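Working notes for the structure below.
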Amino acid sequence: MVLKKYNINPDLALERQKCTFDIEEIINIFDGGKEKTSQRRKIEDVVLKSGLCHDDVPEECMSLKERYENAVRKSCFFSKLMKTELQEITGIEDFETPAIRRIADALFKDISPFLLHLGMFVPTIIGQCTSEQLMIWLPKALDLQIIGGYAQTELGHGTFIRGLETTATYDADTEEFVLHTPTLTAHKWWAGGLGKTINHCIVVAQLYTKGVCYGTHLFMVQIRDLDTHMPLPGIKVGEIGPRMGFSSADNGFLGFNNFRIPRNNMLMKHAQVQKDGTYVKPARHGKLTYQTMVFVRVTLVNEAAFNLSKAVTIAVRYSAVRRQSEMRPNEPEPQILDYPTQQHKLFIGIATAHAFQLTANWLWNTFKSVLSDMKKGDVGTLPELHALSSCLKAVCTSDAALLIEQCRYACGGHGYMLSSNLPYIYSFVAATRTYEGDYTILLLQTARFLVKAWEQAEAGKTVTPTVSYISRSLKGEKNSWRSTDEGIIKSFQAVAAGKIALCVKSIRDRMKSGLDYEDAWLLTTVQLVDAAEAHCRSVILETYCNEVRRLTKSSSDNVKIVMHQLVTLYLSYWTLQRTGDLLRYSSISEKDIDFMQRQYEELLQHIRPNAVALVDAFDLRDEILHSSLGAYDGRVYERLMEQAENNPMNAEPVNQSFHKYIKPLLQGKL
Ligand SMILES: CCCCCCCCCCCCCCCCCCCCCCCCCC(=O)SCCNC(=O)CCNC(=O)[C@H](O)C(C)(C)COP(=O)(O)OP(=O)(O)OC[C@H]1O[C@@H](n2cnc3c(N)ncnc32)[C@H](O)[C@@H]1OP(=O)(O)O
Ligand SMILES: Cc1cc2nc3c(=O)[nH]c(=O)nc-3n(C[C@H](O)[C@H](O)[C@H](O)COP(=O)(O)OP(=O)(O)OC[C@H]3O[C@@H](n4cnc5c(N)ncnc54)[C@H](O)[C@@H]3O)c2cc1C
């Protein structure tokens, strides 16, 4: 839809006048500098001027098939734009992925069927291919001569990768692998783009050679004819059916009937099958084939931050425009943003978006540094990255989903409209809690690392920096509560250490009472998930504080103040959420909690005048927000009426069902 232009709503205009800081400064901080902001805006301008964001009818009023076809059309033209005009017009050779990611949302209110091509297919080629394989597939994939996806999950197994049933059996006579789907539950299920769009995919299958199974490995498989797009003989493929969100992502199913691929289609950077069928196992680490998942988990922390920033922008702007009830008799109805309970629902969303964005950037840098270690042959830092990316993906996507839903509650009835975009944002982020490793499963992976770290520290060994608090705790360091940033972080670390200690004790006690390790672990998993979550909280709190301090070093005083108010709000919020834990594992007193509660409520008041400016500082254009409630001009009621009038249901004054059913019913003739 072409966005109509309106004058700014006077309430919003007034809000912007109250702002105490230069929003451009905060925008630059999050973009990574002025230059990056200007590059991003250039990219956005090109895409927005391309006309590609236009839909003749609102996406939500299209049928599923129309939505899919529309998303394919846009994905193709967007890809062309990325390869040609964007580079020519802006002169920017190296597209920053965050900029492309952000502007992609102007095209797709739901999901691009090409998401997995860019999000997993290309990264798997980069991470799992030998240099010869890379030369064959990477240029084709980048040039979109082939379009791919990532088919790992099966109907029967998603979490437990070792339980996958698809087989890839090596035939040394023909130097081919035979892919086969032995059971109903072995059918690949869920892969994005697989249903109708892609012609290639990475398939994860159990490798058999010389009669031995070597576990899951990755294979490049062409599934459709490049010209006719028909499934190749031996391939059964289709769309899995309507779901909560992801309607235009054509998630698919896939079965193989003794389907043959050349030996060279096994991705052999880490493990190899030689021509005679000899298996060469990965030299360095057994889980390197899981690397794309680590990459995606890292990017999902960014997704959590970005989508939360969209939701909270919509809800804060709406709350500044919406007036409801009365605070005192006969006074005008206040903006709902003036209610402390509304501020409590929303300001934590702003602070969390900052915390997650800065944590995502930090995690991305950690990821790059681990990759560079691995290139030098050192895999020593991989376990910590796996533990960090697992818990951060779990906690950030889960918190973001809850806070996005809270933003929807904060918009009352209108938040329930698809045109608010909040239901779309929610259904996208809700899926991120499950895919790429379910919440519980990933926290249990981190817990495994934490228990090991505890045992190492107990044995007097040095542990990695993110768990160094364990060593301090084992040395008997007592926590003394202080309501400063550092003091609060230390107390959250004491909570994590206390919980890990209890897990270790529970496991040992259970083993002493006769259980084996597996059962002792299993019975402790509720506590283990809790301990991993506590560890993750302490990581986020510490990273957020450190990064704000680092990034605002040369900022103006007013920016420092407002950014630090949000940090303090975040620390206070989580202190109040976790008083039980803090009373148990730190020296916090009831008086301290009263102080934190008052500080929190005062902070809501301090942040209130800057709330709209703070969400403006996410710099999200209306075309990216797609929201009748969240547009920059705040013309909520005009847009709600506009979308109602454009609803195809209103194209005819009387629907045919009246004549077919209602009238006969009224007349007793049905
Ligand atoms: C160019 C132009 C283009 C134009 C385009 C135009 C349009 C463009 C539009 C688009 C715009 C742009 C878009 C950009 C991208 C956006 C975002 C991307 C979104 C992507 C969407 C994604 C959708 C969703 C995809 C999916 O969902 S895909 C499926 C994901 N599936 C899962 O995630 C399964 C979870 N399950 C497990 O991951 C395992 O099952 C399990 C639990 C670990 C146990 O694994 P197991 O083998 O049993 O191992 P254990 O025995 O437990 O552990 C044994 C030992 O190994 C260790 N260890 C386990 N792991 C690992 C590991 N990794 N690494 C290291 N160690 C590990 C463990 O610590 C232990 O160490 P130890 O303690 O021994 O020392
Ligand atoms: C929108 C969407 C897109 C997707 N895209 C892709 C894709 O492109 N490619 C692809 O390969 N896959 C994809 N997936 C699949 C996704 O990765 C899996 O659904 C996800 O990993 C969870 O696995 P599962 O469905 O088997 O859940 P299950 O493992 O069956 O989980 C069900 C419940 O059991 C619990 N549970 C399971 N095992 C344990 C355990 N050991 N201990 C304690 N609790 C346990 C879980 O915590 C969860 O609560 C997608 C999924 C969605 C929703």
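Residue positions begin at 1 at the first shown residue.
For all residues, glycine too, the Cβ spot is worked out from N, Cα and C.
Taken from TrEMBL, the feature domain 'Acyl-coenzyme A oxidase N-terminal' covers 22-147.
Close to T153 (FAD binding site) in the fold, though at least 6 residues off in sequence, lie K188, W189, W190, A191, each with a CB less than 8 Å from its CB. According to DSSP, T153 (FAD binding site) sits in a coil region rather than a helix or strand. Annotation comment: TrEMBL describes T153, G192 as FAD binding site.
The predicted model assigns the domain 'Acyl-CoA oxidase C-alpha1' (290-451) a mean pLDDT of 97. According to TrEMBL, the feature domain 'Acyl-CoA oxidase C-alpha1' maps to 290-451.
Sequence-distant neighbours of E436 (active site, proton acceptor) (same chain, 6+ apart, CB under 8 A from its CB) are M293, V296, R297, L300, K393. Taken from TrEMBL, the feature active site, proton acceptor applies to E436.
What TrEMBL records for 486-667 is domain 'Acyl-CoA oxidase C-terminal'.
Counting residue by residue with DSSP, the domain 'Acyl-coenzyme A oxidase N-terminal' (22-147) contains 91 helix, 0 strand, 35 coil. Around the Cβ of G192 (FAD binding site), the number of neighbouring Cβ atoms within 10 Å comes to 26. Secondary structure at G192 (FAD binding site), taken from DSSP and collapsed to helix, strand or coil, is coil.
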